[in-house]
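Colleague: Right, I'll just put the structure down here and ask away after.
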Amino acid sequence: MHVLTGLAFYAVKTCRDFIDKIVRKAGNLTNAYVYEVGPGPGGITRSILNAGVAELLVVEKDSRFIPGLQMLSDAAPGKLRIIHGDVLTFKIERAFPESLKRRWEDDPPNVHIIGNLPFSVSTPLIIKWLENVSQRNGPFAYGRTRMMLTFQKEVAERLTATTGSKQRSRLSIMAQYLCDVQHILTIPGQAFVPKPERVHSIPTVEVQIPTAERMQARIMAARAACSWLGRARTEYFRVQLNMPVLYHAQSIHSPSSRSMAVMMLEPASTFTFQLGSSVAARTPETPDKARAKARSWTPAEAMTSLRPLSS
Ligand SMILES: C[S@@+](CC[C@H](N)C(=O)[O-])C[C@H]1O[C@@H](n2cnc3c(N)ncnc32)[C@H](O)[C@@H]1O
């Protein structure tokens, strides 16, 4: 049993079969390059190594875990690379061979991120990675790198919250705009040591990056909606929810975590995605042509929730 004081630490202590099951959810890892964040005592690490990976790179901040990880590395020569460092600053984009890189529109690269995320860093880390997705750098310099991550219940609920749900938040909008997020498994609280006081179950969330076409459709959609509103230059518009919210659609093209967080509110996103799909289907040529066509688009009741910003 691993009990550490002064540190938010929950290791998966459950049986090997269950940990293997968690790892299998990441897909076929044979010959894959895997980046594990916060391996701790190496429970998940062992299962990843058993899956026949080409290389597993782990980043662990706490020096107390390094000797145990070193023993695992000795038992699997050339397979496990240990970095004693911080996942928030580690540059994974330089860690794996260049030859693994794929274009965004290609199938995902054979690179996977797996982690039972340290609770204290889970939110800043996922926001950083979402920003990396939008800029196609960091772990996404390899292409649409897949992530299978375990979050505390509250964070997972926000990541997967659908329109209208109570947990719907900036994080939901940002994650679901940039990725397909799927809740794949819930790890029961008793599977952790020490048993979390407040958390009864730990959902594991799979995050996949959408294809370039889907991404393009979303961008066109948002542009089209802005244009329809007749403010193509400034691309500001107001979304009427419970209270009016102003956001800058330009951010869609160069989203930062902060601006992403305040845009793509549900009525707009639902509507713009519908509109965008129609526009994309009719005018597959360029966003500009799509935008021009969008001006003549007559939206139905959905527009009652969207109002042009009065100057
Ligand atoms: C929730 S535990 C998970 C341990 C193990 N993966 C498991 O599932 O049993 C989180 C681990 O992340 C490590 N950690 C915390 N913050 C970190 C950071 N900024 N960079 C790297 N590792 C970190 C902790 O030391 C701890 O080992």
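Keep in mind that glycine also has a Cβ here, set from the backbone N, Cα and C atoms.
Copied straight from TrEMBL:
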type    : residues                    : note
DOMAIN  : 18-210                      : domain 'Ribosomal RNA adenine methylase transferase N-terminal'
BINDING : GLY38, GLU60, ASP86, ASN116 : S-adenosyl-L-methionine binding site
REGION  : 280-311                     : region 'Disordered'
Colleague: When you measure from the Cβ of ASN116 (S-adenosyl-L-methionine binding site), how many other Cβ atoms are you left with inside 10 Å?
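Modeller: There are 25 such Cβ atoms around ASN116 (S-adenosyl-L-methionine binding site).
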Colleague: Taking the Cβ of each of the binding-site residues and counting other Cβ atoms inside 10 Å, which one has the highest number: GLU60, ASP86?
Modeller: GLU60
Colleague: Within 10 Å of the Cβ of GLY38 (S-adenosyl-L-methionine binding site), how many other Cβ atoms can you find? Include all protein chains, please.
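Modeller: I count 24 other Cβ atoms within 10 Å of it.
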